[in-house]
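J.: Could you have a look at this structure, given as structure tokens, before my questions?
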């Protein structure tokens, strides 16, 4: 018997560096530094993509969009998310809900969370009420606490198509 529900967990980290735009959850956030990465380095969307792919048993973002492929250089992570989600849907799953935590000293996430929620809901074709985003600090501990980078953790619940009640 195939399980009607699948849970995926995603995690990502990127360093904050000068000279890059800061994009989190598809939102451009005014800040003096941005995230370093092969694509736009959207730490939240990368963790979400991993959570969705993992729940569906489809690997991870690095397998689908390797950083060794020049085609993904500077890529918009919302485009990557939509492509990954198309594979998840093709595997027979839809999203029930997403719960995410963005961990950083600065900038503050809460003022930008509604726009992030709207982007994710639109990209996944789900109600905004099914997406939750929290911002947390580590009380000045570790690399996020020192402001050296941003981390994100995401849990996603998928439901197999045809199992709707």
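Placement of Cβ uses the backbone N, Cα and C atoms for every residue, glycine included.
Remember, it's a predicted structure, so these values are computed and weren't measured experimentally.
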J.: If Swiss-Prot says 12, 14 bind divalent metal cation, which of 46, 72, 112 does it name for the same site?
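T.: As annotated by Swiss-Prot, 12, 14 share the divalent metal cation site with 46, chosen from 46, 72, 112.
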J.: So, three-state DSSP: helix, strand or coil for residue 12 (4-CDP-2-C-methyl-D-erythritol 2-phosphate binding site)?
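T.: SS state of residue 12 (4-CDP-2-C-methyl-D-erythritol 2-phosphate binding site) = strand.
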J.: For the binding-site residues 12, 67, 69, which one has its C-beta crowded by the most other C-beta atoms within 10 angstroms?
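T.: Result for the most crowded candidate: 12.
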